[in-house]
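What TrEMBL says about this one:
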- 32-93: domain 'Peroxin/Ferlin' (DOMAIN)
- 105-138: domain 'Peroxin/Ferlin' (DOMAIN)
């Protein structure tokens, strides 16, 4: 029932902008995705109350991650999106380093950063126990709608979506870079996308672009190379994209073949970029395997309205002829 306006494919996932001008995801994987959430309940001993959640100001939160750096209150740990469902309730894990714990699940230590033991000792000043709960991705082989970036979704409609980056050196298995553009020229990056653990990601992150170069289209290559096409026909590429810096650090302007040429469409491949100028001429930019800017432009024979290149450098063009 969805009218697709833009679509981008990556491995087992389809990312689409539909008739509601919002982003939808369809995962075609046969492998179920199940994630275990964890939270550690922390307590400190004091002479008046014994063990309680009255912690020192310098201590970790009452409910935290294993390292104590992140607050993980059970009441505030919600599902990432409507595509996920809980498989069970919060329950205690009663096994620690191969040892069975007592029914309440407490582990004891001298202080929080120290090692823990199942046995309580005379100098056990702190204790903690581990709460776990499993969630399951419930959006396999169906369309899942991602939350809009603003409360009124029609105030910031999406107009383009692009995926790539699966071959970034050092990237973890399942990683996908998802970029999108809105009608108002916002460039957005979808954080936390991994087809094996979190297909829909966590949130949209705004990426600043140079003044006067608001994008109308974005394209992403397999190695994570990102090019944007601005409303004024100018091309820019993102510098500094690596496995630990997914969105890069700065923009470079890609020089046109000749002065006065403006572009209307762009597609980034493994070693080259294909572009269509506003007079429907097709241009090939070589050398992306050694530079994000490429090396030179080559004019191709024939005219096209749109051109696309795949991860294996396949190229497909679309020519819309005038009906007279």
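Cβ coordinates are placed from backbone N, Cα and C, and glycine is handled just like the others.
Just so you know, TrEMBL annotations never went through curation; they're auto-generated.
Sorting the domain 'Peroxin/Ferlin' (32-93) by DSSP state (H, G, I as helix; E, B as strand; all else coil) yields 3 helix, 24 strand, 35 coil.
Over the domain 'Peroxin/Ferlin' (32-93), the average per-residue pLDDT in this prediction is 94.
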